[in-house]
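TrEMBL has this to say about the protein:
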type	residues	note
DOMAIN	15-146	domain 'dUTPase-like'
BINDING	Arg67, Ser68, Gly69, Asn80, Thr84, Ile85, Asp86	substrate binding site
Amino acid sequence: MYPVQLKRLPGNEDVALPRKMSEWAAGFDLHAAVGEPLTLAPGERALVPTGFAMAMPKELEAQIRPRSGLAYKHGITCLNSPGTIDADYRGEVKVLLINLGQEPFTIERGERIAQMVFQTVPQVKIEEVSELSETVRGEGGFGHTGR
Ligand SMILES: O=c1ccn([C@H]2C[C@H](O)[C@@H](COP(=O)(O)OP(=O)(O)OP(=O)(O)O)O2)c(=O)[nH]1
Ligand SMILES: [Mg+2]
């Protein structure tokens, strides 16, 4: 178990902190901390506040992912999916939503808009070299094995 600290930001006592909606859910649902209902027209995007900030061990990142129900029913998704929350970020967690549907969609205060999944981040050390090891694939990519 990794310790993760959440800090509610002032004026958001009525907005739920991220929580799992079932015992083994992978994601903690994120709630919109909009002051007023926010309507996204088709094609429109917005950075939606969540009302909290976070501290987690440096071994972790958090990914902000869309909720499939909002995507399926309304075309609402995360533009930068998955969003990356760095372990050293102390600002408000925000969700970059976009309306890819055909109708305007209104986000109400407290509504669940996305989910947050924690992942471990391998620590790597990058080194520059002049030759890379050979493989059978080589430079083949982007569909070179066929459709
Ligand atoms: O969906 C997101 C994505 C990012 N962030 C916050 C946390 C993250 O640690 C920080 C920076 O995100 P990222 O590295 O993706 O953006 P950038 O454009 O590279 O900004 P920066 O130069 O600040 O790293 O913004 C969010 O709150 N929600
Ligand atoms: Mg960055």
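Glycine too: its Cβ is placed from the backbone N, Cα and C atoms.
Those TrEMBL annotations? Automatic predictions, nothing curated.
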Where the record names Arg67, Ser68, Gly69, Asn80, Thr84, Ile85, Asp86 as binding substrate, the maximum Cα to Cα distance in Å = 26
If one looks at the chain holding Thr84 (substrate binding site), which residues at least 6 apart in sequence have a CB under 8 angstroms from its CB?
-> Glu61, Ala62, Gln63, Ile64
Cβ proximity for Asn80 (substrate binding site), under 8 A, sequence spacing 6+, ordered by residue number, returns Ile64, Leu96
With respect to ligand 1, which members of the binding-site residues Ser68, Gly69, Asp86 satisfy a Cβ distance under 6 angstroms to one of its atoms?
-> Asp86
Just how many other Cβ atoms lie inside 10 Å of the Cβ on Gly69 (substrate binding site)?
-> 10
Please work out the helix, strand and coil residue numbers for the domain 'dUTPase-like' (15-146) from the DSSP assignment.
-> 7 helix, 48 strand, 77 coil
